[in-house]
Amino acid sequence: MWGFWLLLFWGFSGTHRWGMTTLAILGQRLNGVNECQDTTTCPAYATCTDTTESYYCTCKQGFLPSNGQTNFQGPGVECQDVNECLRSDSPCGSNSVCTNIPGRARCSCLSGFSSSAGGSWILGSPGHFLCTDVDECLTIGICPKNSNCSNSVGSYSCTCQSGFVSNGSTCEDEDECVTRNACPEHATCHNTLGSYYCTCNEGLEFSGGGPMFQGLEESCEDVDECSRNSTLCGPSFICINTLGSYSCSCPAGFSLSTFQIPGHPADGNCTDIDECDDICPSNSSCTNTLGSYFCTCHPGFASSNGQLNFTDQEVTCEDIDECTQDPFRCGRNSSCTNVPGSYNCSCLPDFRMDPGGSQAHGNFTCKRIPFKCKEDLIPKSEQIEQCQAGQGRNLDYTSFCTFVNATFTILDNTCENKSAPVSLQSAATSVSLMLEQASTWFEFSREETSTLGTILLETVESTMLAALLTPSGNASQTIRTEYLEIESKVINEECNEENVSINLKARGDKMDVGCFIIKESESTGTPGVAFVSFAHMDSVLDERFFEDGQASWKLRMNSHVVGGTVTGERKEDFSKPIVYTLQHIQPKQKSERSICVSWNTDVEDGRWTPSGCETVEASETHTVCSCNRMTNLAIIMASGELTMEFSLYIISYVGTVISLVCLALAIATFLLFRAVQNHNTYLHLHLCVCLFLAKILFLTGIDKTDNQTACAIIAGFLHYLFLACFFWMLVEAVMLFLMVRNLKVVNYFSSRNIKMLHLCAFGYGLPVVVVIISATVHPWGYGMHNRCWLNTETGFIWSFLGPVCMIITINSALLAWTLWVLRQKLCSVNSEVSKLKDTRLLTFKAIAQIFILGCSWVLGIFQIGPLASIMAYLFTTINSLQGAFIFLIHCLLNRQVRDEYRKLLTRKTDLSSHSQTSGILLSSMPSTSKTG
């Protein structure tokens, strides 16, 4: 049956040829033929098995039939080789190579492996195939010399030993000292076969000990040869350790005599260096010492570091100001002048050095000279020095120097023969001859005239003193010449009694000297006094030389020039005054004021000055002067008759009188009319009282200069009263501003809540503070020779102008702000109200506040340039009428006050007719009063 189905299969799928073949075979089988005898019955790689009925083919081991049947027949089926190497279980094992061959596989080991079964083993052969690693390193010579063999699975590797590098197939020695940084700093590298070693350089040692080492992590440390061997350089040298070596040097201040090789012991000697060639600063001396030096500042200098001896070259020697260290170094009546490295002592004017003392010995003393000589006058005047230098030959100086030399001749006769009697008569005659030629002096310049006048006055004074001091001159004398009259008196027993005065007269002039002045003058020996009166001297040393030449005064000399002197060292600052009574050359006019002036040689070359003397009394024929020193004196008449100033005086006088009347009426109004009394009228009252007192004192006391003490007191009160006026003006301005500002909120003056006591403390207290401070700082600032006011020649006037300028600025700002707020308020009210006739009145009141609050004082600042005259008239007119403005605004233009005036005049008392206050604001009354 099997054959039939096979035949059937092939019949359907094969070709006709194969069908015919199958039929033939089948026929043979049916005939009992052994098909296996035919070698072509089965395909290649198959075995044929004959059966009773047929046969079958079976593929050999390692092959598989193409039809997938284990037993098959007939051609068409092929036995295909099985690739055993593709099996997942790796038939040959690890580390092997499987090679497929027909019907089987051949196993061989990979390179580097071997098997006990041989190099090639057929799969299926007897035994077991296993590849194991071959250790190539066991083979001698497999790696080159100086290398190491490293076996690995299936292979090996050769690496050069440490210290060797590969060069192709050989290992050569590596020079580590060349190829890499093998040793640390300060070490030397030494190459060896296959290695290296390091050694520290000379003078250094390995930190780990030992002579040799390897590795950069090690270090070479310096060997301190100096500490290991203290005698290395010798006893007189200093051993200095260096890196890897040492050196020998001399101590500071010494030098080596020979060159020293570093790292070798010292050879030679150390010799001292003289550093003092140019090492100390200027103004110092250098002192060389063994191995060193030090600097010392010269006497009169001190080192900047405070040390007496120093070596620091940054230190300097600075001059010592001995005069500052000890202000009394030169003693009394002397001046100390610092000079580099020292100081100079000199005596004050009118003093001379005591010959028994010296600056060098520290006992420099000055004694008042009894009288001045030529050397005391020359240093004070440049003109005199020119004459002494021979420039008098110049035509411009000939006449002047002739007078100077003639005066010095008189002085030389007095000074050069101090022990010989002095002829006062002869000196007076010579001076008279010079005064006789006084008309020639008008050819001299102002400086030359004052210089010549000074030396002539000093010469006469010295001559009078010399006559009193010389033994033969101890007798009272009266010398009369045409141009000079002298009376001298020696005091014997006249001063034995207390309160006695010595009276001296000359040409109608008189000097009264109290005996207490004789005692205070510290006279030695028999004391004496002298008095002189010069004729014609007043014509040359006239009012042109007045120190305070005010443009507002006409000045004229109206007395002879007189002078007084007293023996003794002290001639000024006496406890009680010396009284001079000088006769007028012309009668004194009522409009004139007498000024006692003394000749001051410290101002330029000489000037008349009122300081030191006071006018005690002035009549038509005489003026009495009180001076605190012996001086040269004269009387200058001052009068204010210039047109412009006189007209301003009249305006000021009339305006002040009008203001006083108005202020008196305003004060009476605020005090007597109870209906108008309120917080505002109290403020007006205080301002009116201060202005009234200030103006009446100004009117009656500004020119009371006869008594300087009383004049200073008047000036102090004026200072206080005018300051109080301005402080109350400030209070008025602030209160007015607060009232207007509060109109925006409610028609009520909330500033009423400010207590009047506080306002009084401000208005009266602050001026007191200013005056006290001013008087303490500058007590001589009150009172001048021509008016009882603050001294305008110094900055003392700013004790008044400073506060005034500040208050004017504040008041002006507050008033501007007030007017701006008021304008807004008026614009916001009913238009009918704004058209009332009161608008013009309110505008007038607003403008008037400028004058009431003192803002017009700013006009005084603009009294300069071409507008000075206009500003002066405006300033004088407006400010003199300040009281009138106050009365006009606060009284006459106030309806309530006018009603009170009307009641007073008509004696009607209608208490029900009270109206509200006038002038919305600027009358300084409550807010909504009416005006009419």
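The backbone N, Cα and C atoms fix where each Cβ goes, glycine too.
Cross-referencing Cys79, Cys92, Cys98 with Swiss-Prot gives Cys98 as the cysteine bonded to Cys85, criterion being a recorded disulfide.
Relative to the membrane, Swiss-Prot puts Thr709 on the other side from Ile754. The disulfide partner of Cys42, as annotated in Swiss-Prot and taken from the candidates Cys36, Cys57, is Cys57.
For the domain 'EGF-like 3' (133-172), residue counts in helix, strand and coil come to 3 helix, 20 strand, 17 coil, using DSSP. According to DSSP, the topological domain 'Cytoplasmic' (674-681) comprises 6 helix, 0 strand, 2 coil. In terms of C-alpha distance, the listed glycosylation sites Asn167, Asn269, Asn283, Asn309 place Asn283 closest to Asn499 (N-linked glycosylation site). Among the glycosylation sites listed here, namely Asn148, Asn283, Asn333, Asn707, Asn333 has its C-alpha nearest to that of Asn363 (N-linked glycosylation site). Distant neighbours of the domain 'EGF-like 3' (133-172): 95, 110-114, 192-196; these residues of the same chain sit at least 6 beyond its ends, with a Cβ under 8 Å from one of its Cβ atoms. Counting only same-chain residues 6+ beyond the ends of the domain 'EGF-like 2' (81-119), those with a CB under 8 A from a CB of the stretch are 45, 60-64, 125, 127-134, 136, 153-156.
If you take the Cα of Asn405 (N-linked glycosylation site) and the Cα of Asn333 (N-linked glycosylation site), they are about 30 angstrom apart, rounded to a whole number. Under the DSSP three-state reduction, Asn309 (N-linked glycosylation site) is assigned to strand. For Asn283 (N-linked glycosylation site), the nearest of the glycosylation sites Asn167, Asn309, Asn333 in terms of C-alpha separation is Asn309.
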